[in-house]
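According to TrEMBL:
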type	residues	note
BINDING	TYR230, TRP279, GLU282, LEU283, ILE284, TRP285, ARG286, ASP287, PHE288, TYR289, ASP382, PHE383, ASP384	FAD binding site
DOMAIN	4-133	domain 'Photolyase/cryptochrome alpha/beta'
SITE	TRP313	site 'Electron transfer via tryptophanyl radical'
SITE	TRP369	site 'Electron transfer via tryptophanyl radical'
SITE	TRP392	site 'Electron transfer via tryptophanyl radical'
Amino acid sequence: MTIKTSLVWFRRDLRAFDHAALHHALRQSQAVHCVFVYDTAILATLPRRDRRVDFIHASVAELASELRQLGGDLIVLHADAAETIPRLAAELNADAVFANHDYEPQAIARDAGVAAALTRDARLWFSFKDQVIFEKDEVLTLSAKPYTVYTPYKNAWLKKMRAEPACLAPFDIEPHAASLAPPRAGTPAPLPTLGELGFEASNLAELAIPTGMAGASQLFEDFLPRVARYDVARDFPALKGPSYLSMHLRFGTVSLRYLVRTVVDLMDRGGGGDGAPVWLAELIWRDFYAMILYQNPHVEGGAFKPAYDAIAWETGPEADALFAAWCEGRTGYPLVDAAMAQLNQTGYMHNRLRMVTACFLIKDLGIDWRRGEAYFALHLNDFDLASNNGGWQWASSSGCDAQPYFRIFNPVTQSEKFDASGRFIRRYLPQLKALGDKEIHAPWLVPRMLLEQKNIILGRDYPEPLVQHDEARKETLERYEVVKVVK
């Protein structure tokens, strides 16, 4: 099938290589226009200083430059995407619009509306798998049902990946770049500034977070020599253990196929130690949660296991005060507070700490997991609905393959185990830096005289604990009793 003119709509896939929609459009079309829309429907929900908008802004500029080097251009608009894409397709006299799948419920509804509008105009809509390796119904149980437990899903995923190596093959762009349409006016249009989009610069540059395709490449090159120890280093927030690629995966400045292909090749050559398969398993979690969201859209706002919606969470002014203290890192538990400080200051939180802070909010403070989920959604640089929801439902025990409700993290034990020297805590809670390595995990247990010698007064320099963990644990077990009754 040959198409005269097509339009490729970039969304969460901001790269000019190994891009499914762009590849297919170039192969099937005589002229391919490219567009990115700063969607007002999304931007309106964000704070005026948002690191994600900064990241997207820089990455879009890089994408535009890359496309121009290939002989094309990137049309960049600030509008309601659902209304603008059909209108732009008509303006360009495009016969078809190409895009990559998005699995979030609102995005699915948006794309269905765009596809319907294009059909009414006698134009075509094509959408492709790109942000996951396997999607929707591609990995099923022997009874042809979606998996709800991760480990058997992972095993089936790995088996399918080995049986179908083409799933990791790159969608090349350069060999077909001659089909890219040059800038419409002969010269590239200027890109909108952050100010024109209604935003101010965040502290993204100060944090030295690399953006775009080049930034993703830089991070992956730095991580590969460390991947062999990923299994050991990944749980310790003070160590440089993670790849730090989550934001790039979220916005598609890196190809998941490339990451998986590279680490699988490394393993097949006998490299990667014990860490490579563990990191690969983390990438598979992304596919798993994307599949769960697609198959169970009710998890957006509701428990995967409906019985858990019967739990009575704390409400009212006291609960609001507890939630505010958690958000602001004033719980009195140093590891929790340091983790929240990291999130608030940088937009990043170590994965181990996401579990610790979520469990604390839900099972120590008795706050509805959805409130924490929404806070993370607003502040995480790498916010992804499927992964964020999956993580919070895991912590609340309401999700698929979640931790048992009676498994309740002790924030002090977690601190002693994963930040034994207090290095991470001292970085984000400098007011506690004078405490010893054993004292820093539970300052309220340190004799008052010793605290005063270190110029620390609880309630002035650092808060008293909001709750006593052992008492909170008992209350949580009682709170979850309703689940047994409902079941």
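Yeah, the Cβs are placed from backbone N, Cα and C, and that goes for glycine too.
Not measured: the values here are computed from a predicted model.
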TRP392 (site 'Electron transfer via tryptophanyl radical') and ASP382 (FAD binding site), distance between Cα atoms, whole Å: 15
Average pLDDT across the domain 'Photolyase/cryptochrome alpha/beta' (4-133), rounded to a whole number: 98
Cα-Cα distance, maximum over TYR230, TRP279, GLU282, LEU283, ILE284, TRP285, ARG286, ASP287, PHE288, TYR289, ASP382, PHE383, ASP384, record's FAD binders, Å: 22
Alpha-carbon spacing, TRP392 (site 'Electron transfer via tryptophanyl radical') to GLU282 (FAD binding site), which is rounded to whole Å: 16
Those recorded positions, out of TYR230, ARG286, PHE288, TRP313, that come within 10 angstroms of TRP369 (site 'Electron transfer via tryptophanyl radical') at the Cα: TRP313
Spatial neighbours, same chain, of ASP384 (FAD binding site) - Cβ under 8 Å, 6+ residues apart: LEU249, ARG250, ARG286
When distances run from the Cα of TRP313 (site 'Electron transfer via tryptophanyl radical') to each of the binding-site residues TYR230, GLU282, ILE284, PHE288, the nearest one: PHE288
Entry from the binding-site residues list GLU282, ASP382 having the most other CB atoms no farther than 10 A: ASP382
Neighbourhood of TYR230 (FAD binding site) by C-beta distance under 8 A, where only residues 6 or more apart in the same chain count: GLY241, PRO242, SER243, GLY275, ALA276, VAL278, TRP279
Composition by DSSP (helix, strand, coil) of residues within the domain 'Photolyase/cryptochrome alpha/beta' (4-133): 59 helix, 33 strand, 38 coil
Packing count at TRP392 (site 'Electron transfer via tryptophanyl radical') (other Cβ atoms within 10 Å of its Cβ): 26
